[in-house]
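Here is the structure we will look at.
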Amino acid sequence: MSKNNKKKRRWDLKNGGILLEELIASFDGKTNPIRCFSSDQILKATDNFSESRIISSWGYFIWYKGVIEERQVSIKKWSSQNLSSFTEAYRDISVSSQMSGHKNALKLIGCCLEFDLPALVCEYTEHGPLNRDGGLSSGVVLPWKVRLKIAKEIASSVTYLHTAFPETIVHRNINPTNIFIDENWTAKLSDFWFCVAIPEGELYVEDDVKGVIGFVDPDYYWTMKVTEKVDIYSFGVVMLVLLSGRAAVFNGPDEAPMSLNDHVSEVMEKGEFDEIVDKEIWNDLGGDDDLVLRRSQVKAFLRLALRCVRYKKEDPVSGMLEVAKELKLIEKLS
């Protein structure tokens, strides 16, 4: 056996054992079947992780476009420099394997355990992940109906994550870049590596703060207590991003970084509703009647987003299930 094959074998055995323990420990040992791919298959599919195959890139990992057995796939490769991500990589696989049964979660096909950190093989989505400002890398402007559809579908996915398993699972990293869009404009939640379970009978768990700046619940930031509210807050910011076309943190008038949440709060205090809304949202209207209906939808959407981020602390939402139901009702207003 060659030196390279021995190394792959060593990683395969080590990673396989850890993955098996993670899968058994998760969700009462009930997991969806996933395939194991060889490193040769992954390298061939991505042209040796060619830059030309990159879908999106972040500090911890890179998403690549590939083809395995004549099927287009998305391949997630963790950075070898981030070995602190070891536990998170396996949690990503274990939670993804459970969430794959939901139509609004990015389906995990399998993984490769022959690298220092496992690579994930997932379904391919035509439009890839959203940008930080809630748009597409192609520059295609998303119509209002698609934005509303994305919010409704991701709310459904997060609700499932919170309620479908023996323990409440909190995502902790809901943001536009973790939302993939397929050819039918169906939204898929991904990247479950920061997930944490709240044991039955407990209201919260304490853990280090995880997430992206601008999407982290302030209460979580100061107390380090993880509850469902962590995801509700992040989702509310995602709604504001979709509504405004702005990133969660953007350059203000003086080029200084500004929080979208703070910006929206300031505008709401002035009663300048239209200043919040992306002007592209009004571009596909058929007439005055359409405008009236659109404005009622957009205002209801904004009110719900503000409840999610607890703009008025006396009127919070009860949970993601309420958010998902409200978004369905808002969609029916059209």
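For all residues, glycine too, the Cβ spot is worked out from N, Cα and C.
Quick look at what Swiss-Prot annotates:
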type    : residues                                                             : note
BINDING : Ile55, Ser56, Ser57, Trp58, Gly59, Tyr60, Phe61, Ile62, Trp63, Lys76 : ATP binding site
DOMAIN  : 49-334                                                               : domain 'Protein kinase'
MOD_RES : Thr125                                                               : O-acetylthreonine
MOD_RES : Thr177                                                               : O-acetylthreonine
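A map of Swiss-Prot features onto the structure.
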residue: Ile55; record: ATP binding site; Cβ contacts under 8 Å, 6 or more apart: Trp63, Tyr64, Lys65, Ser74, Gly128, Pro129
residue: Ser57; record: ATP binding site; Cβ contacts under 8 Å, 6 or more apart: Trp63
residue: Thr125; record: O-acetylthreonine; Cβ contacts under 8 Å, 6 or more apart: Ser74, Leu106, Phe180, Ile181, Asp182, Glu183, Lys188
residue: Thr177; record: O-acetylthreonine; Cβ contacts under 8 Å, 6 or more apart: Ser56, Trp58, Pro129, Leu130, Asn131, Arg132, Val212
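Under the three-state DSSP scheme, Ser57 (ATP binding site) falls in the strand class. Excluding the listed site residues Ile55, Ser56, Ser57, Trp58, Gly59, Tyr60, Phe61, Ile62, Trp63, Lys76, the same chain places Ile54, Lys77 with Cβ atoms within 8 Å of the centre of the ATP site Cβ atoms. Of all Cβ atoms in the protein chains displayed, 22 besides its own lie within 10 Å of the Cβ of Trp63 (ATP binding site).
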